[in-house]
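Visitor: According to TrEMBL, the protein has these features:
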REPEAT    136-165  repeat 'WD'
REPEAT    166-208  repeat 'WD'
REPEAT    210-251  repeat 'WD'
REPEAT    252-284  repeat 'WD'
REPEAT    314-348  repeat 'WD'
DOMAIN    376-420  domain 'SOCS box'
Amino acid sequence: MASFPLSVNEKLIARSRTVGELLAPTSPFDKKCGRENWTVAFAPDGSYFAWSQGHRIVKLVPWSQCLNNFLLHGTKNVANSVSTRLPRQNSDSGQKNKPCEHIIDCGDIVWSLAFGSSVPEKQSRCVNIEWHRFKFGQDQLLLATGLNNGRIKIWDVYTGKLLLNLMDHTEVVRDLTFAPDGSLILVSASRDKTLRVWDLKDDGNMMKVLRGHQNWVYGCAFSPDSSILCSVGASKAVFLWDMDKYSMIRKLEGHHNDVVACEFSPDGALLATASYDTRVYVWDPHLGVILMEFGHLFPPPTPIFAGGANDRWVRSVSFSHDGLHIASLADDKMVRFWRIDEEYPVQVAPLNNGLCCTFSTDGSVLAAGQDGSVYFWATPRQVSSLQHLCRMAIRRVMPTTQVKNLPIPSKVVEFLCYQI
């Protein structure tokens with residue numbers, strides 16, 4: 001990993017500690033083209049980690065065993081050698097007792113991954129998951145892969161078997177996201193300028209096509225309660241959709257170049273978006289206003305030059321489980337960890353040619369993909385204040401409009417709405 005330059009404001013920032021690496025195998029004839037790692041993902045229950053290794057291949061590994069390998073063998077870990085230490089699965093028996101590694105050949109370049117579970121991430125929401133046309137267990141775990149040819153393939157994580165092949169998109173499937181409520185509703189974002197909603201309980205029936213983007217759609221993300229979908233794309237587009245009515249709620253305006261990634265905070269009160277304009281914005285999605293801005297170029301480019309600083313394009317953004325930290329990955333060979341209440345990063349790490357990043361389910365590790373390999377860093381850890389914990393708790397059950405009407409002091413309302 002090469003050294004990297006720091007700006008004047010970042011010279012005193014702590015370096016993040018490396019946890020481990022999963023390095024893709026290479027051969028003398030293996031060209032870089034086609035080995036891009038466009039997507040990494042953790043299973044909702046933290047049981048598995050998956051990444052696109054390039055050349056049609058997706059690697060699925062049990063996350064706990066992967067962490068144990070890092071501890072036993074140091075931080076470096078060649079992806080091929082993992083298979084010699086992780087048990088392969090040869091039958092369906094005992095699949096839940098012994099998580100097993102799988103190497104999946106998707107048949108085309110993989111652009112997007114998403115885990116989906118029939119167990120709700122929020123147990124407060126009741127979902128009927130009793131009936132399926134093909135067999136689902138009560139704790140079914142799926143992996144969706146979005147491909148270069150517009151297809152979406154759905155795999156059983158425990159067995160590595162192909163379950164469904166969805167074929168309605170006409171261009172690259174750039175991103176995928178499952179509803180967190182356990183309904184197995186999948187949304188796909190494509191370069192064909194559409195988002196499509198699929199019901200995997202009903203043999204992958206396509207329920208709806210969401211139209212509104214005038215150019216490529218780069219990414220999509222559900223709110224924690226599954227009621228809102230955010231989609232981002234070319235031409236500065238940020239859309240919010242009502243997923244009960246399948247209608248557009250509003251369009252967020254503020255970015256000056258393509259918006260390539262988005263993610264909601266764990267309590268659903270905030271929305272982070274990353275753009276080629278060298279900025280990460282944190283929005284109040286319920287009011288449509290920008291609350292925070294994290295710049296990756298100082299001074300920030302003016303709107304007319306917002307597309308010119310391509311060495312600082314932001315490629316990916318991820319919200320931590322603690323609701324306090326955001327990770328961003330930019331073309332200046334740096335990964336940054338931000339606090340939502342501080343102007344400058346609290347930690348940084350070097351990464352050449354990084355394309356995607358995501359926090360682990362418990363928020364303790366950040367995974368970032370690069371040229372078929374994955375790098376892992378320990379994330380900033382601190383005890384959240386009682387005020388912040390109260391803020392997250394109330395925002396999980398009450399939207400901004402209701403918080404603003406509470407009979408409490410105005411400063412408390414501002415804090416609960418992340419305005420101070």
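Placed from the backbone N, Cα and C atoms, the Cβ positions cover glycine too.
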Visitor: Given a Cβ distance threshold of under 8 angstroms, which distant residues of the chain, six or more beyond its ends, lie next to the repeat 'WD' (166-208)?
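Guide: Distant Cβ neighbours of the repeat 'WD' (166-208) are 44, 111-122, 125, 127, 129, 131-134, 136, 140, 142, 144-148, 150-154, 214-222, 224-226, 229, 231, 233, 241, 243, 246.
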Visitor: Is the repeat 'WD' (314-348) packed against any residues at least 6 beyond its ends, judged by a Cβ distance under 8 Å, and which are they?
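Guide: Residues 2, 4-6, 9-10, 13-16, 260-267, 270, 272-276, 278-280, 282, 292, 294, 296, 354-359, 361-363, 366, 368, 377, 379-380, 382, 384, 388, 392, 418.
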Visitor: Counting only residues 6+ away from its ends, which parts of the chain sit with a Cβ under 8 Å from the repeat 'WD' (252-284)?
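Guide: Apart from its flanks, the repeat 'WD' (252-284) reaches 218-225, 228, 230-240, 290-297, 300-301, 303, 306-307, 309-310, 312-319, 321-323, 326, 328, 330, 338, 340, 391-393, 395-396, 400, 417-419.
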Visitor: Would you list the DSSP helix, strand and coil counts for the residues of the repeat 'WD' (166-208)?
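Guide: Going by DSSP assignments, the repeat 'WD' (166-208) contains 3 helix, 23 strand, 17 coil.
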